[in-house]
Amino acid sequence: MTTSTSSKKILVNDCTLRDGMHALGHQYSVAQMVAIARKLDEAKVDIVEVSHGDGLQGNSFNYGFSAHTERAYIEAVRAELKHAKLAALLLPGIGTRADIDEAKAMGVDTIRVATHCTEADVARQHIEHGRKLGLDTVGFLMMAHMTPTAELVRQAKQMESYGAHCVYVTDSAGALLMDETREKVGALREALDCQVGFHNHNNLGLGVANTIVAIEAGADRVDGSVAGMGAGAGNCPLEVLIAVCERMGIETGLELYPLIDCADKIVRPLQRRPVQTDGNALMLGYAGVYSSFLLHTERAAERFGVDPRDILVELGRRGMVGGQEDMILDVALQLKSRSSE
Amino acid sequence: MSKVKVAILGSGNIGTDLMMKLQRSEVLELAMLVGIDEASEGLKRARALGVATTHRGIEGLMEDACFSDVQLVFDATSAYAHAKHAELLQGAGKRVVDMTPAALGPYVVPVCNLQEHREAPNVNMVTCGGQATIPVVWAVSQVAKVAYAEIVAAIASRSAGPGTRANIDEFTVTTSRAIEEVGGAARGKAIIILNPAEPPLIMRDTVHVFSELADTEAIRSSVEKVVERVAEYVPGYRLVRAPIFELFDEVNPLRVPGEAPKTGVRTTVLLEVEGAGDFLPAYAGNLDIMTAAALKMGELLVS
């Protein structure tokens with residue numbers, strides 16, 4: 001099918017260097033980031049995102065400390081990009097407007113402001129600030145599977161009203177089914193004048209499929225990571241997505257071979273724990289849990305001798321949202337004390 | 001002995017919750033609840049309780065006959081509005097307890113530094129997350145030198161009013177600074193999470209304190225004592241479980257990017273704050289801990 005999807009160029013935002021941080025416990029070396037960025041630029045990726053996995057100022061006990069400072073990563077990648085724009089992620093409540101100022105000074109072009117899907121109004125300060133600084137400004141509605149479409153549209157319209165150039169349906173738990181993706185992306189496309197984006201995780205094995213569905217439903221920007229390098233079972237694997245887009249006649253402007261080389265020769269050899277839909281990653285999508293909880297959960301399970309699947313299911317039952325990594329410890333201790341009773 | 005007259009600026013969640021608590025104060029008497037929306041739930045509640053109200057903001061208060069008798073004003077509006085309020089109230093010679101994150105005056109957390117600032121014309125109550133977590137940081141710093149303290153405050157979406165939402169950066173920045181200035185950490189960091197789950201979740205706070213090596217029994221005892229003292233004015237404040245310790249030694253030091261590796265001990269404390277249910281239901285422990293602390297400070301200031 002080559003309907004409306006073939007007429008417009010889809011913007012591609014790579015997350016290998018941001019979401020991929022989760023998969024490595026935030027331990028990329030600067031040289032590794034630079035090597036990946038070089039390939040992404042060669043492949044004509046539109047936007048390359050660099051930040052701590054949990055956004056600017058994510059360095060913490062709660063989310064993990066990265067190997068290097070954000071400045072070291074961002075400035076090194078900036079120097080490498082000739083074609084691609086540079087993006088950074090910010091979660092209000094973790095980072096502040098001062099971090100957007102710094103990111104801008106380091107050469108960031110795009111700021112992506114992420115909130116839980118029902119809390120768009122906490123992003124007002126940051127979206128307005130991004131616009132004031134002349135940045136390409138994106139609203140990112142995380143854990144989009146947790147709220148009905150009508151409410152998601154209401155939240156997206158708020159982000160648009162603050163000045164967002166694009167608002168994302170963000171499937172942080174990789175929990176959306178294909179019909180749900182079509183409905184949510186389509187509803188935002190219908191209701192908004194600004195661009196609509198889609199970001200997901202491969203926890204139910206729907207990474208590429210749902211991204212194609214999102215494009216068919218009118219998404220203007222889509223996210224992916226090379227070899228899926230991202231939290232949980234990873235993001236939509238970018239090289240696979242681009243191959244499928246080529247076959248379908250969807251215009252992305254990206255080149256396939258540099259992406260494949262990047263996946264096979266650089267990224268996959270870095271993965272200490274394979275980024276794949278294995279049992280624990282599958283449970284994220286199945287239980288609707290924030291994908292970056294995966295490694296934290298596996299560590300807590302080992303430390304306290306409990307089943308990681310039980311932790312994930314309990315986190316889902318409690319309705320934990322992005323950023324509540326501290327509750328993994330809480331749940332693990334609760335399970336441990338129950339089992340010893 | 002007659003009670004000292006006070007006023008509250010702001011008829012949102014915090015102002016209304018404080019009004020309910022003032023009904024029980026033996027020291028303070030609420031002369032007026034000040035709002036800007038006549039139809040607000042807080043002003044309605046005040047009228048039902050027979051408390052005088054105005055919906056014309058601080059001008060409405062200053063023009064009212066009661067103003068000359070008012071000695072102390074609690075500001076529960078927003079950081080932005082407080083700047084103007086502080087100037088007008090100081091000009092009129094009124095003491096101010098600032099419950100916004102504006103932080104023009106010194107930070108106050110009752111169990112840590114209540115007595116230090118009893119002469120200050122304007123004191124700041126930090127944030128709900130700060131009131132819940134800084135006592136724990138302070139407790140550790142009484143035993144060992146604290147290099148870094150980090151707090152994660154998770155509150156129910158329903159308990160975060162429009163003021164909190166519009167000023168989330170001020171929350172983050174003010175709490176971080178107060179972790180340093182009041183808690184005694186060389187560096188502080190604050191993270192806030194809004195959780196929309198239904199039924200709403202009770203406020204949860206996690207505190208990580210990285211200090212020099214010290215007797216963990218002494219740390220545990222200091223933390224437990226402070227938690228008991230906070231629970232005296234916020235009965236729903238409690239440890240979810242005993243403090244957890246993690247050692248960072250020379251083989252496995254703490255690595256923070258841009259800093260030299262450090263040895264020491266991390267104390268992790270999991271807290272829960274259940275509210276008294278004065279205005280919002282019990283999940284909103286964040287309101288309770290803020291208003292209870294402000295009330296305690298207000299009573300001290302006029303004593």
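Glycine residues also receive a Cβ, built from the backbone N, Cα and C atoms like all the rest.
TrEMBL annotations: computationally assigned, not manually curated.
Features as listed in TrEMBL:
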- B:5-120: domain 'Semialdehyde dehydrogenase NAD-binding' (DOMAIN)
- B:S11, B:G12, B:N13, B:I14, B:S159, B:A160, B:G161, B:P162, B:G163, B:T164, B:R165, B:A166, B:N167, B:N286: NAD(+) binding site (BINDING)
- B:C128: active site, acyl-thioester intermediate (ACT_SITE)
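Summarised by DSSP class, the composition of the domain 'Semialdehyde dehydrogenase NAD-binding' (B:5-120) is 47 helix, 23 strand, 46 coil. Each of the binding-site residues B:G161, B:G163 was scored by how many other Cβ atoms lie within 10 Å of its Cβ, and the smallest score goes to B:G161. Chain A lies within reach of B:R165, taking the binding-site residues B:S11, B:N13, B:G161, B:G163, B:R165 and requiring a CB-CB distance under 8 A. Listed binding-site residues: B:S11, B:S159, B:N167. The one with the lowest count of other Cβ atoms within 10 Å of its Cβ is B:N167. Long-range Cβ contacts of B:N13 (NAD(+) binding site) within its own chain (separation 6+, distance under 8 Å): B:S159, B:G161, B:F279, B:L280, B:A284, B:L287.
Close to B:C128 (active site, acyl-thioester intermediate) in the fold, though at least 6 residues off in sequence, lie B:A153, B:I155, B:M203, B:N286, B:L287, B:I289, B:M290, each with a CB less than 8 Å from its CB.
In sequence order, B:L194 make up the list of same-chain residues 6 or more apart from B:R165 (NAD(+) binding site) whose Cβ falls under 8 Å from its Cβ. Taken residue by residue with DSSP, B:N167 (NAD(+) binding site) is part of neither helix nor strand, so it is coil. Look at B:G161 (NAD(+) binding site): DSSP puts it in coil.
Site extent for NAD(+): among the recorded binding residues B:S11, B:G12, B:N13, B:I14, B:S159, B:A160, B:G161, B:P162, B:G163, B:T164, B:R165, B:A166, B:N167, B:N286, the largest C-alpha separation is 17 Å.
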